Amino acid sequence: MLRYHTQGYSGYGVQYSPFFDNKVAVATGSNFGLVGNGKLFIIDIDNQGRMLETKSFVTQDGLFDVAWNELHENHVLVAQGDGSLRLFDIQLNDYPVAIFQEHEKEVFSCNWNLINKQLFVSSSWDGTVKVWTPMRQSSLTTLTPKPMTAHNSALSSKDIPMSNQKRHTSLSKNKNCIYQSQFSPHDPNIVMSCAGNSYVTMFDLRQPANANQYSFMAHNGMETLTCDFNKYRSHIIATGGVDNMVKVWDLRMVRKMAANSRQPMSVNEICGHDLAIRKVSWSPHHSNMLLSTSYDMTCRVWQDLSDDGRRPTGKTNSIDPTHGCRFIFSHHTEFVFGADWSLWGQPGYVASTSWDGDVCIWYAFAR
Amino acid sequence: MSERLTQIKDHLISAVSPSVQDQRADDVVIIAAHRSPIARGFKGGFKDVNSDYLVHQFLQEFFKKVPSSLSENKQLIEEVACGNVLNPGAGATEHRAACLAAGIPFSTPFVALNRQCSSGLVAVNDIANKIKVGQIGIGLALGAESMSKNYGPKALGNVSAEMKQNKDAKKCMVPMGITNENVSHKFHVSRQSQDTFAAESHRKAERAISEGLFEDEILPINLPDGTTISTDEGPRKGVTADNLAQLKPAFIPEKGTTTAGNASQISDGVAAVLLARRSIAESMELPILGKYVACQVIGVPPEIMGVGPAYAIPKVLKDCGLAIEKVDVFEINEAFAGQALYCINKLQIPLAKVNPRGGAIALGHPLGCTGARQVATLLRELERGQVGIVSMCVGTGMGAAAVFVRE
C-alpha cells in the first residue's frame, strides 16, 4: 500500500489521470470540508513507489469532486462548495484557466463524458444537473429531476413528503441535493443522477425537456448518495445509499416498471457496510467487480454475483457467506469519501481518499 | 457550515436507528378499518342472512366512510382478499358477488383465503405483501363469517381413513375444546384463573360499549326486514368469575376446565381493512390510520394449537427488532381463556395491555372475520406512534401475529 498525507485537508474525491499511469488528482477541503479553503492536489508516483505532490491549488471553498479532462492531459476540473466549477492547468500556477459559475449551492460532483469528450456534467445541492463544455462559460443545458410522479396517471401529481415527523425535518433539506451525476460510458447522450429524495434519474439529452427523463426510488426513501454505470454491461448500474446498501439495477427492467409506475426491483442487494455508502465504482477491467466506500471507514470490493443471469431473485449476493465481498481495505481512520480504479497496468489497483487526509493506493485482489 | 454538517449527520443518523415508526414512501399504510357489529350465532340478529349478504351491506356502509376520491373511483382498488373459514370454498363465489353488488368493478380481482381463525389477518397480510412488492397500490382485506349458516359437523370436511390412522395426521382432527383442555392441563392453567379472565373480558367489553368506544369502529348492518343492528350482542352485564364457576365443563365431564363461559362465542360478523402504499395515500390525500409493519405465522403441535401466539409473537417481533416491552397493546384472540392465559403468561405480557376492550369471549369469534376485526379494534386502542400486535391461535396447529403502528 502507498500512502500520502494531505496535511490539514480532508479528501473528498480522487481520480487517476487518463493520460499518465502515475498521476492522480485529489479534491480536498479543510476542516473536513465543512468550512474554509479547499485544495487540489496533483500527486505522482515515482519509480521507487513514493507518492509525491507535484502541484497543488488552494481554492476559496472546499472541493467535493474532481475530473480529468479527457482531451487535455494537463487539465483537471473540480467541483467547489461555493457553486462554481474550476478548470486548472497543472502546468500553470495558482489560478484556474476557466471558471464555470452557475450553480447556486455546493457542487457535489463533476464527470467528464468519455465518448463525446467536449462535454462534462455537474450536479449540485441546488437541485440541478448542468451539462457544460470547456469552450463556453455558460452551461449548455440544465437538467432538473422532476419530483416523483404520482402512482396512477388518473391522479394529480404531487410532491410526496419523505416524513412528517419533526425529527426528520432536517432530512428534507437534503432532499433536493443531487449528490452525483454521470455520463454513460456507452452512450454520450445519457446522464444519470442520484439525489437526497432517494430517486435515481436517467436523462436523455436528445429528447425534449419534458420527456427526457425517467426515475425510480433506489433506496426506500432514504438518500441515494452515489451511482455508477457498469463499464461492460450498458444496462447495469449500481447505487449506494443511507440504508447502508449497495444495489445493482438492470435499467431494462427499471424502465419497464417505471413506465408502469411500479417500484422496480434491484437485481442485486449487497448489504455489507455498517454505515452509509458514499461512493460506488465499477471496475474498468471486470464486468462484475464493484468498489464501494463508506462512512464505516472502509472500502470494499464486491463481486456482483447476479451477473450470470441464472438467478431470478433480487438478492443474489445474500446467498454468498461473505455477501460476495472480495476485499476490505481498512487502513483509513475516518469516513472514506472518494475512490477510483486505476486504468493502468495490472488490473485491480485503487486510489482512495478519506477525511483522515490520507490518499492510499492499494491492490484490491490481495489475498 | 451548519448545513453541510447537518447533511453529514443525516447520512449517519438515519442509517443507525431505523425504527418501526419511521415513515417511508413505500410503507404499507391503513386507510380505513371497520367492522360490523358481532351477532350471536344461531339466535342473534344475523341468524337468517348469509355471509355474502353481510359483506354486501357492510361494504356499502364502508365506502361511505372512505374519502370520495377513492369511493367514487373503486377501480383504484386493485385487489380484494377475503378471509373466510366455513363457507364451501371459503366463499370464493358468493363474496366476489357481494363485492360486485357493493359497486366494486369487475376489473378488481378477488381472492378467498382460509387459514382458519387467522383468515382475516392473513387477508391483511396478503394485501400488504402485494403492495410491498409493487403488484398493487391499493387493496382491500376482508374477513367474513356466518357461523349461524355454516358451522356444524360438515365444517371439518372429508377426512380419509388413512389420515385418521396416521398418528400425526389425526391430531388435526382433535376438537378445539380438547386442544384447550390439553394446554390447560399440560401448563397448569386453573379453572379459576380462566373464569376470572373470561369475566374480565365481559367487564372490559361492557365498559367499552357504555363509553361508546366502538362507535367509530362499528358500521351498522341493515337487515332485509328493515331493522338495523349496530351494537355487539355478545357482552353480558354482571358476569363474574363466581357465576362462571357454576357452569359445567363442556368437553371433559367433571375434570375439564373449559366451559361455555370461558370459551369464545359462536358469532356472525364482517370486518374490512383498506390498505395502500404510503406514496399513493399521500398523493390522493387519503387519511392514514396506521402502518402495517410485519406479519408472521408459525406452526405448533395441532393437539395444543392454542399455544400459537406464544411462538408467533416473538417471531414477528424479532423481524422488526422489537421487544415485548415496546408493544403498547396486544389484541390476542380469546379462542379459549386457557390458551390465551398460557400465551400471556409465557410471554410475560402485563394483563392491562391485553385486549383492553374485551376479546372473543365477550365479543364473539366469527372465525374468518376475527383477524380483520382485531386490526380495526387495535388501531383505535393505540395512541399516535404506539405499537400494537394482533395475534391468534389457529386450528390444526399454528399461531399468527402481525405488528401495526398507529399514526
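Here, residue 1 is simply the first one shown, and the rest follow in order.
The backbone N, Cα and C atoms fix where each Cβ goes, glycine too.
Just so you know, TrEMBL annotations never went through curation; they're auto-generated.
The following features are taken from TrEMBL:
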type: ACT_SITE; residues: B:Cys117; note: active site, acyl-thioester intermediate
type: ACT_SITE; residues: B:His365; note: active site, proton acceptor
type: ACT_SITE; residues: B:Cys393; note: active site, proton acceptor
type: DOMAIN; residues: B:28-278; note: domain 'Thiolase N-terminal'
type: DOMAIN; residues: B:287-405; note: domain 'Thiolase C-terminal'
DSSP-assigned states of the domain 'Thiolase C-terminal' (B:287-405) in counts, ordered helix, strand, coil: 51 helix, 32 strand, 36 coil
Which of B:His365, B:Cys393, the listed active-site residues, has fewest other Cβ atoms within 10 Å: B:His365
Confidence summary for the domain 'Thiolase N-terminal' (B:28-278), mean pLDDT rounded: 95
